[in-house]
Structures are given as C-alpha cells and as structure tokens.
Amino acid sequence: KNTSVSVSPSGEIVEGSSVSLTCSSDANPPVKNYTWYRKDVTSPKASGQSYSINNIRSEDSGEYYCEAENECGRFNSSSVFVDVHYGPKNTSVSVSPSGEIVEGSSVTLICSSDANPPVNNYTWYKKNVTSPKASGQSYNITNITSEDSGEYVCEVENKYGRLNYSSVIVDVHYGPKNTSVWVIPSGEIMEGSLVTLTCSSDANPPVNNYTWYKRNVTSPKASGQSYSITSFSPKDDGEYYCEAMNEHGRRRSNFIVLMAL
C-alpha cells in the first residue's frame, strides 16, 4: 500500500540528461518485486526499485508508474508524468494555397516545428537577403510579384535552441513582360542582305509562342522567336514588332524600323 514514485533530479528534464524514477511502498514482508510500466504500453519497461533513463529523448515523454509486489499481493502507484524539454526539431514549411502561384495572388507560408516548450519565436528570411522578411508562424505575401520568387527560410527558436529550415521555393508564374526586339545587322541595312529579327521576353513559364507583325498589315508575317528576311528590299521597309505569349497572357514589343539603303 501507499505505493508512490519520485523523480530525480526534480524540476525540469532536458533532452540528453539522465533521470531516475524510484518506487517506494509500505509492505510486510517487504516488497520483493518492482515492475515499471509506461502508460498505454503493455510490456514492462524495467524491473527493480529504481528505473534509470540515460540520455533521455523526447520520445521518452509520458506517464510512468510502478507495480509493487510481495507474497500477499500487488499494488500500482499513481502515474508520474515525465515531461522532456528539447529544442526545435522536424521543422517544415508549407505554402497555402498549394499548387501554381500566379502573379497578383496572395500566398501564405506556414512554419511548423516540434519543440517543448513550444516555439516562441519564428523569423522569416529570403535566401541571400540578410535582413528578416517577417516574424510569426505565418508569413503572408499579398499581391505577389515575380520579384518575390525565391527560396524562403523559417528560423524557429525556443529556450533550448534554434533550427533553420530552408527548402521551400516560391515560384511565381506570370505573363510576358519586358518584350523587346533586336536586329542583325544593326545599323544600316543594305538591299539584298540577310536581316534577322529576334524577340525576347521575360515570362514564367517561358514564352511558348512568338508571332511577328508588320505595322498596317493585319496577317502575321511569321512565328518563332526569330524572323529572317533573306534578301531585304524596299518592299520590306516598315515597322515590325513581335507578340510574346504564354498561358498567363501576351505582350507586344515596341516597333522597330527597318529601311533598305
């Protein structure tokens, strides 16, 4: 009877330390067998009046009790809760909503981490940017732009340490922008020469369709990133432009003037 458990050392239990549980019980004749159990685990953990856990881990947290037995009977103690404190681990970052991120939408990055006591400080960084972007478990980016693309890091901290997690990529999709044309040869164009126009445009995913137009001509001249005129003549004189398109939109370049000498 009066079976009870004490924990040594008393107070806070930190991961990596050693802990001893000691069972005491009033019995006559004295207790001849002590057995240790962890609540919700059917098999015994150990036997003996004391149960030592060396290099205790977070997985050892739980309720423990002892069973005292002599030839007249057996009796269980009340359970004692072993609460192991530890620094952050298993940190991860998720993106909401999941799936494709389109320029102009809003995105939330959410950081989670296993820690005891719970994480009390979350700090967000963008890789290769030294100053923090935000603090708090969630980081909201409203009206996201292509410049927000990149790798984001969540740093978590409690009184026992900090842990970085840096494996979330924010990939912002957007329609063509900065569409422009250049010409080879640059400068004067001699009649009969080969002229090549090339279109470039910033887009994510990349441009999947380039179309070439001549001003005041309704039908397209050609498709493809480059447009070549094999033997340039005065009838080819005029203003040309390209139109770049992907699944998120289209954008025209400025006009470029071609004139044969």
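Using N, Cα and C of the backbone, Cβ positions are placed for all residues, glycine too.
Per TrEMBL, the features are:
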type   : residues : note
DOMAIN : 3-83     : domain 'Ig-like'
DOMAIN : 88-170   : domain 'Ig-like'
DOMAIN : 176-257  : domain 'Ig-like'
Express the predicted model's confidence over the domain 'Ig-like' (3-83) as a mean pLDDT, rounded to an integer.
96
What are the DSSP helix/strand/coil residue counts across the domain 'Ig-like' (88-170)?
3 helix, 52 strand, 28 coil
How many helix, strand and coil residues does the domain 'Ig-like' (176-257) contain under DSSP?
3 helix, 47 strand, 32 coil
